[in-house]
Every structure is written in C-alpha cells, then in structure tokens.
Ligand SMILES: CC/C=C\C/C=C\C/C=C\C/C=C\C/C=C\C/C=C\CCCCC(=O)SCCNC(=O)CCNC(=O)[C@H](O)C(C)(C)COP(=O)(O)OP(=O)(O)OC[C@H]1O[C@@H](n2cnc3c(N)ncnc32)[C@H](O)[C@@H]1OP(=O)(O)O
Ligand SMILES: Cc1cc2nc3c(=O)[nH]c(=O)nc-3n(C[C@H](O)[C@H](O)[C@H](O)COP(=O)(O)OP(=O)(O)OC[C@H]3O[C@@H](n4cnc5c(N)ncnc54)[C@H](O)[C@@H]3O)c2cc1C
C-alpha cells in the first residue's frame, strides 16, 4: 500500500474533531485564521524557499538570509502586518516564525527594541524607538563577553563617565572583555545595547546598558575605535549559521551621557549616580521577556519534530507480515508509542504552559507599571525554570524523534537534523539551563526558609503553605484508573517537590557557610528545581508520563510505593492505546504546511518513498555520474590494486 493511503486511513480513525483541535492549538479562531493565512502566504512565496539551504556555503547562506529578512520586512509593510510601526505585532511575529530562518531581525525585534522599551526613559524611547521600529537603525543585544556569559556581574567592558565632555568612554580593557556571541552583531547591526560596568570618578557601579552606534549609517563601516566581525561557523550546516553572531571590541569609544539606559538608574550632568526607587534587577528585564518567548516557542519546535515522527511512524512498516500480508506499522509497536506519545503530550503541555507564562508575564508587566515589584522574583523563577525545563525536553525530544524515524531520520531531507541543530543552542543562550535551575533553587530554598517566619508563599510556591500536610502525604492510589484523576497526580507532584526542597533546605542548614553549602549540594538543588518546574507544567495540564519517568523520586521521597508506580505504568499503557487511533489527527491539528515542516518524512500526504528517492537525485554529488576527483584519487588506487594483484 502507498503511503498516501496509510495516512488517509489514519485520519479516518480520529475520535475527535480535528478542526476544533486546530483552534485549541492556535489559541482562538482568530489566531488560527491568521496563522493559516500567513503560513500559506510564506509557503507560496519563492523567496522563502528553504529546501536548498543545506547545500549552501556560509556566504551564500548568509546572503540568502539577508534577502529573506529584507523581503519579510517588505511583506510586513505591504500587508500592513506591523500595526503602526512595530513588527512586534503578532502578525509580523508569525511571518517571521513561518519564514523559519534565524536572522539579525530576531535580535533587533526580540532584544534590542525590548531593552530600550524596558530600560529606556520616556525621552530615550521617543528618540530611539521610532528609528528602530522603521528599521532605520538595526540593533543587537551585546551582553556576553569572551570571558563571561552566565556571570553577568563579572562582565569587564567599562563605561567611564567623563564630566568634562559629558560623555561615557566605552572600552574593552582585556581580550576576555571582547563582546562575543551577540546575534546580528557580526555583519549587520548599526547599533547595540552594550552592557558595561559603569565607572564614575574611579568608583564601579556595576553593569548597566548603553546604546552605542557601531557602524556608519552611510557606508556600514565600523566607527572609529570599534573592531567588529563574525565569530565563525557554529554547530550544524545551515542551522544557526544564518545568524552573524559577532565579536566586538571598543578602544575608548565616546558616546553622549544620554545614551545610558536610564530608567532604573541615572547619571547626572555633574556625574552623580542616582538610583530610582525600583529593583536593580530590572536591568535584567529583557532576559525575562525573551525567556518567556523561548518557552512559548518550545512547543512549536517540539510539535514539528513530533509531527514528522508520528506521520512517518504511521507510514513506515517493519516485520510482522503473515502470508504475504502487510507488515506492522512501526507506530503500533508499544516501544515506539512509549517514546513518541509522551513527546506528543509534552508538545501540547508546553503549548498551554507557554500561554500561562505569557499571562504571568503580562500580569507582572502591568504590576511593574503600577510600581508593584512584589511578583518579580516569582516571574524570574518561573521564566528561568520553565525556559530550562522546556528547552531541555524539546532538544532531547527532537533527537528522540530523529531516532524514532530510524535511518531516514538522519537525512537532512527528514528536516530533523537541521531542526535539532537550530534548536539545541536554546539550552545555552538566554541563560545556561543549569545556571537557570540554580536560580529557581535559590528561590525555593528562600521560600522554605521563610516559612518559619510566617511569610506566606505565593504564586507557584503556594503549595508550600501546606508543608505539614505534604510531608505526611502518601498516595492512596489503589487501581490504575485512580491515576486518571488530575488531583491525584497533582498531589503526588506537590508532595515530591516539597519533600525534595525541604531535604535540600535541611542539608543546607548543616553548613556554617550557606554559599559553600549551596555549591556542595548544587546537583540536588537542580533536581529539586526540576521537580518544582514539572509541578508547574502538571498543574496546568495533566502529565502521567512524567511521573513514570521520575518514579525514583516519587518512591524515594515516600510519596508513592512501588505497587502504585506499577499501576501508573499500567495506566500509561492504557492511555497509549487511547492515543494511538488519534495520533495522526493530533499532529494534523498543528496545521503545519509542508513548507514549514520541511520534511519528506512528515509530508501531509505520507508519500514518503517516491519523494525520498526523487530527492536523492537532486544532491550536487549526483550532478555527474563519475565524481570530480575520480581521475586524481580513485583511478590511481584502482590501478595500484590491479598492479598488486598482478604481483
Ligand atoms: C522582518 C522581520 C519581521 C518580523 C520580526 C518580528 C518579530 C521578531 C522575531 C523574534 C523575536 C522574538 C523573540 C526572540 C526570541 C528568541 C531570540 C533568539 C535568540 C536568542 C538569543 C539569545 C540572546 C542571549 O543569550 S542574551 C544573553 C543572555 N544571558 C544570560 O541569560 C545570562 C545568564 N545569567 C543571568 O541571568 C544572571 O547573571 C544570573 C541570574 C545567573 C546570576 O545572577 P546572580 O544571582 O549571580 O547575581 P545577581 O546578578 O547579583 O542577582 C541577584 C538577585 O537578582 C535576582 N535576579 C537575577 N536575575 C533576575 C532577573 N532576570 N529578573 C529578576 N531578578 C533576577 C536573583 O534572583 C537574586 O535575587 P535575590 O532576591 O537577591 O536572591
Ligand atoms: C547561539 C547563541 C546565541 C547567542 N546570542 C547572544 C546574544 O545575542 N547576546 C548575548 O549577549 N549573548 C548571546 N549568547 C551568549 C549566551 O547567552 C551565553 O553563552 C549563555 O548565557 C551561557 O553563558 P556562558 O557561555 O558563559 O556559559 P558558561 O557559564 O561558561 O557555561 C559553561 C558550563 O559551566 C556551567 N556553569 C557556569 N556557571 C555555573 C554555576 N554557577 N554553577 C554550576 N555550573 C555552572 C554551565 O552549566 C556550563 O555547563 C548566545 C549564545 C549562543 C550559543
């Protein structure tokens, strides 16, 4: 039977309305219609073609990215996708997503503009944002240096106030202070928000943001005192090499005083440092914003991989043929289901968690405007923790989907190698995932230690208020179906997280130096932070597979016993059987075009084999029947073998 028939058959099995689910996935009917329209628009535009990307060299690839970014901007304006000025509107954001090629514009819109919006004064915003909104200047976010990324307070670039000229002198005092990594910096950006140590009259006031012009707006040459370039090829072939991650050094570059971002703190004409009545952590606000975006994007990357692996698993057959009949679809193997279906569930779970985090972020932003900073620690912990949890699971999930597709998953034409290579740096950028989990752990330990002082835990740590009860808890599950009750799962996750946090807090208290204790117990603290973040996911959606995966934690903390663990596993198998007939329809509900998926294995029509065969012949190696280099390198070998044989 041809693949085409396999998927039609699969679609007929669905036990729910796929069109309704498309709307659930999109968020609303309006969002669905918008995504649908824009994805088709991109798919039908030849400039946005991407099937030739894997064969391009770096220079061609980069030029191709510039062309796409310029064309995307033209379309944004022509189609009025940008509201009055800004491409931060959902329509433009969707266009960028479906173009599916990282570019300098991501950092311009994703970090440069938000940094000015969040950390600039009203005056600074009025001056810089209109230019940035019209892309008359292009900006990047220059924080990380060769020597320091995670440790932001360890940055070395200096911004020294010169009261004589009312300027800051931006300088890179060491090799390790070279800015290193900023996307869009290497070849494109005309401006950057540069993070540097503020020095006034010999005193160091810590890291602050400054708007610095890097290149001439006429001929694009670096301005005097600025050395700038690309840091070189990165992991994967095309993948993130569409981006010009850059290196930058300053040799006493002067900027006007009013280019320090002064919403959080100011430097007066007289050189006086004034700190507003706001937490200094607001300087980190852009990172909180982007971490929230990264969580929202995790479900997109994971769902793409899952869509490819699910459709292909329904098309692919191995073993099990009796009397010349059809072989078994690999999706029917229980091992395939136990690897694939939890990922399918995770993609949906991350979609809903992303929505919840957007709500939380919006709420915090509103409060900040009203000078209520009370929820900032919670926002930082949630964005950092969920960024870490979802990107780790998504990167691992994409790789698992590649394995689920067997040998063909390793072909670039499966779409999976490139998806993995583009996605995997998300585990590092915007905060290394372990470093971020340690931030969550600090928040949790602080919460536990404040319980005795009567401080009521709020937000996602509210469950800690029931600590006594959670420490007494033992699951009352008696039969497999009991694990279907959301409250039963939720309580087990709460008790596990609470116990792991309390155990860490108790062990920490044995150290006379708390910081030393924190370093020594860091691995346990990371585990406790993961347990807490998983609880956030579980409290937004139901997730039994996580319980099974981390059974060790649940049993060792005494929340459940081994028998109840086996019942969870039994129930999970029942659930896999229920998901099985709906699997293809569940991934159809993502409504991805074949252009966006970029995968022969994941084609909507399931016509995998003829298209794989056709694609192989397009490889440049097949341009000639006898390869270049035959005469120089193959023929002499063959002749030598002949001579040896004669001897
Ligand atoms: C044509 C085009 C058309 C359309 C285009 C349309 C749209 C554009 C498309 C896309 C754009 C959208 C989005 C972008 C999405 C993706 C972007 C793509 C790629 C991303 C590139 C990645 C960029 C980067 O990587 S930038 C660099 C990021 N760097 C880091 O993350 C560094 C990590 N380190 C840290 O964050 C911190 O230093 C640390 C937290 C780890 C260390 O802190 P530490 O505690 O040691 O020190 P302190 O600094 O003293 O902190 C102490 C207290 O502060 C609290 N804290 C820390 N951080 C925060 C925070 N962020 N917020 C609030 N509070 C914070 C901490 O908890 C301590 O508190 P306490 O109370 O004192 O305990
Ligand atoms: C593709 C890509 C794009 C990027 N874009 C930008 C950009 O636009 N602008 C920008 O400013 N930066 C950018 N970055 C830089 C990025 O933000 C940093 O690389 C990231 O924050 C990690 O910091 P690091 O490189 O210093 O890692 P390190 O901190 O050196 O990490 C190395 C190892 O040390 C461990 N480690 C570090 N500190 C601790 C600790 N306290 N406890 C335990 N373990 C620890 C980490 O877990 C990791 O295993 C980008 C990076 C990449 C890969």
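Each residue's number is its place along the chain shown, starting with 1.
Heads up, the Cβ atoms here are built off N, Cα and C, so glycines get one too.
Automatic, uncurated: that is what TrEMBL annotation is.
TrEMBL annotations:
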- 430: active site, proton acceptor (ACT_SITE)
- 144, 183: FAD binding site (BINDING)
- 17-138: domain 'Acyl-coenzyme A oxidase N-terminal' (DOMAIN)
- 284-445: domain 'Acyl-CoA oxidase C-alpha1' (DOMAIN)
- 539-639: domain 'Acyl-CoA oxidase C-terminal' (DOMAIN)
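Sequence features annotated in TrEMBL and their locations in the structure.
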residue	record	Cβ contacts under 8 Å, 6 or more apart
144	FAD binding site	179, 180, 181, 182
183	FAD binding site	102, 104, 106, 107, 140, 141, 243, 244, 245, 246
430	active site, proton acceptor	287, 290, 291, 294, 387
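Assigned with DSSP, the residues of the domain 'Acyl-CoA oxidase C-terminal' (539-639) fall into helix, strand and coil as follows: 68 helix, 0 strand, 33 coil. Mapped onto DSSP classes, the domain 'Acyl-coenzyme A oxidase N-terminal' (17-138) shows 89 helix, 0 strand, 33 coil. Over the domain 'Acyl-CoA oxidase C-terminal' (539-639) the predicted model carries a mean pLDDT of 95.
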